[in-house]
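First up is the structure itself, then whatever we jot down about it.
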Amino acid sequence: MSDKEAGVASSLGSNSPINKDEVDVKNTEEHSKQESKSDINKPPLKKIKADDGIDISDSFSRRENKGNNKVISSVYNDENKKTPAWMKSKTTDKYDKYGSRSTPIATPTAPVNNPDERYSKYMTNSVNSNDRVRRPPTETTSSQYDKKRAHDEAEDDVVAPYSNLAVANPSSNLYQTFQSHINNREGKDINSIVRSHYNQRTQQSKFQGSRTKSPIYKLRNFNNAIKYILLGNWVKPNPDSNRPTVILDLCCGKGGDLNKCEFVSVDQYIGIDISDASIKEAFSRYSRNKARFIPQTAESKKERDTRRYNFEACFATGDCFSSSIPEILEPNFPGIIDGLFPVDCVSLQFAMHYAFETEEKVHQLLTNVTKSLRAGGTLIGTIPSSDFIRDKIVNRAFIDQENRKFGNDLYSVTFHKDPPDEGVFRPPFGNGYNYSLKDAIDDVPEYVVPFEVFRGLCEEYGLVLKYKKNFIDIFNQEIPKYFSKLNKNLIEGMKRSDGKYGAEGLEKEAVGFYIGFVFEKLGN
């Protein structure tokens, strides 16, 4: 005990215990009095002004900042330290089969046109992008721009549907055929036009009325039957029974082929399309009809409910003619390339004619296809027939000679420039025309696909032709085998005026415009 504490204790009496709190309080009061006395004798503090030339930056910090503090090293900032094993990525080589992968670097937030080096093998460098066929932009002065701006800023993709018409009522017997509204077509590239067109089509289709009232109802059923036949004959299950059967649907649209994928009993579906509205509709369609329990064993798969989708599905928005498959899928579905690729089938329905705008796009598409397919896997597609187009040109079967247009009341093809008299297009890329199909496609630019050129390019990518026929021949030869397998409503929707089934009249010429094809990837 200190002398001071002893003195306090004695003043309280020898029998009184020392109260520590009381001692502390008294000591504190005494110390405060001494400080107040010393403060009186101190000179007043001098006020520091900004213009006194004194550095006061350190005065605002509570920490001692003498500039000689030792920096603690860390594995995050010491280059001499080795990265611990737990921090190393296990997937640094996950895209080696698609191409070399360099260390990612910081990129500016503004979009740039430089290709991602990680997917160099997925990209095609053989064609100069400056050679791309572009639509010449219209010359617009600043004053004209100001006048047009308010109108053009109305987004093409969200044109108001037929909500003000009686046809918006589901009980109405009226039907409104589809019409697109795309601003400034001449100043837009094909991607923008196609995206806007199909976004509008997706939105307006909800308000058109019953599809059975469509002027191309029978034609749609016919085309669907062709796709059932092609997929039914050529989707081959994975030879490894432990692997799922996977189909990659490029340019999948609104998911119109989901029923066909259930028909061929796939286990996994991957859909990609350039139209975000179409992708949303495809996902919605899948979600509404997905089976509650997905069969996982061979026995349960035999008892799958074909009225529901007994397969898993994922959807992504992307341009498979300009971007690699990993670039489109991996950001939204990490690990999907390792988990589901290579796939058993790539489906490309009514879309490849958009790629033939440039050779670069075709090479990118075929790179995506061959890198995605397993050996023995198939590429199944439908495209306009270059033979059909050539015959129309050679026979001068134009309904409008001046405008270079052929077709009928259901469909039409209008060339951008005079086609060659012999119907053979050289060079084979960028030979454009505008295609219209009543209630489906409204004057959208497409490009001639010279099939032998396409076939030669496929062979360069290890894809060999297995099947090629026009729609009429496919139907006549294959429909007897599928007549009892297809949905009754689909079959009845193809009934002709003579009681038989198939296409007739204007519809027959419109469906004759297309062919179906199948390529198989070579390899062991």
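Residue positions begin at 1 at the first shown residue.
Using N, Cα and C of the backbone, Cβ positions are placed for all residues, glycine too.
Residues annotated as region 'Disordered' in Swiss-Prot: 1-155.
Residues annotated as compositional bias 'Basic and acidic residues' in Swiss-Prot: 19-40 (among others).
According to Swiss-Prot, the feature compositional bias 'Polar residues' maps to 68-77 (among others).
Feature annotation from Swiss-Prot assigns compositional bias 'Basic and acidic residues' to 90-99 (among others).
Feature annotation from Swiss-Prot assigns compositional bias 'Polar residues' to 100-112 (among others).
Swiss-Prot lists 214-522 with the feature domain 'mRNA cap 0 methyltransferase'.
Counting only same-chain residues six or more apart in sequence, the Cβ atoms lying under 8 angstroms from the Cβ of Asn223 (mRNA binding site) belong to Phe350, Thr382, Phe471, Val511, Tyr514. Swiss-Prot lists Asn223, Asn224 with the feature mRNA binding site, giving sequence analysis as the kind of evidence.
Annotation comment: Swiss-Prot describes Lys227, Cys251, Asp273, Asp319, Gln349, Tyr354 as S-adenosyl-L-methionine binding site. When Cβ atoms from all protein chains are considered, those within 10 Å of Tyr354 (S-adenosyl-L-methionine binding site) total 22, not counting its own.
The 10 Å shell around the Cβ of Lys254 (site 'mRNA cap binding') contains 22 further Cβ atoms across the protein chains shown. Under the DSSP three-state reduction, Lys254 (site 'mRNA cap binding') is assigned to coil, being neither helix nor strand. Annotated site 'mRNA cap binding' per Swiss-Prot: Lys254 (among others), in sequence order.
Taken from Swiss-Prot, the feature site 'mRNA cap binding' applies to Lys260 (among others), supported by sequence analysis. Packing around Lys260 (site 'mRNA cap binding') is summarised by its Cβ count: 21 other Cβ atoms lie within 10 angstroms of its Cβ, all protein chains included. Annotation note: Lys260 (site 'mRNA cap binding') sits in a helical segment as assigned by DSSP.
Per Swiss-Prot, site 'mRNA cap binding' is recorded for Arg285 (among others), and the stated evidence type is sequence analysis. Other Cβ atoms within 10 Å of the Cβ of Arg285 (site 'mRNA cap binding') number 17 in total over all chains.
On its own chain, His353 (site 'mRNA cap binding') has Ile383, Pro384, Glu446, Tyr447, Val448, Val449 as residues at least 6 apart in sequence with a Cβ closer than 8 Å to its own Cβ. Look at Swiss-Prot and you will find His353 (among others) tagged as site 'mRNA cap binding', backed by sequence analysis.
Using a 10 Å Cβ-Cβ cutoff, Glu446 (site 'mRNA cap binding') registers 23 neighbours. If you look up Swiss-Prot, you'll see Glu446 (among others) marked as site 'mRNA cap binding', on the strength of sequence analysis.
All chains included, 19 other C-beta atoms sit within 10 angstroms of the C-beta of Tyr514 (site 'mRNA cap binding'). According to Swiss-Prot, the feature site 'mRNA cap binding' maps to Tyr514 (among others), an assignment based on sequence analysis.
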How big is the gap, in Å, between the Cα of Asn224 (mRNA binding site) and that of Gln349 (S-adenosyl-L-methionine binding site), rounded to a whole number?
10
Candidate recorded sites Lys254, Lys260, Arg285, pick with smallest Cα gap to Lys227 (S-adenosyl-L-methionine binding site):
Lys260
Taking the Cβ of Gln349 (S-adenosyl-L-methionine binding site) as the centre, count every other Cβ atom within 10 Å, in any protein chain shown.
24
Around the Cβ of Asn224 (mRNA binding site), the count of other Cβ atoms that are within 10 Å:
19
Looking at the recorded sites Lys254, Lys260, Arg285, whose Cα is closest in space to that of Asp273 (S-adenosyl-L-methionine binding site)?
Lys254
So of all those binding-site residues, Asp319, Gln349, Tyr354, which one's Cα sits nearest to Arg285 (site 'mRNA cap binding')?
Gln349
Can you tell me whether DSSP puts Tyr514 (site 'mRNA cap binding') in helix, strand or coil?
strand
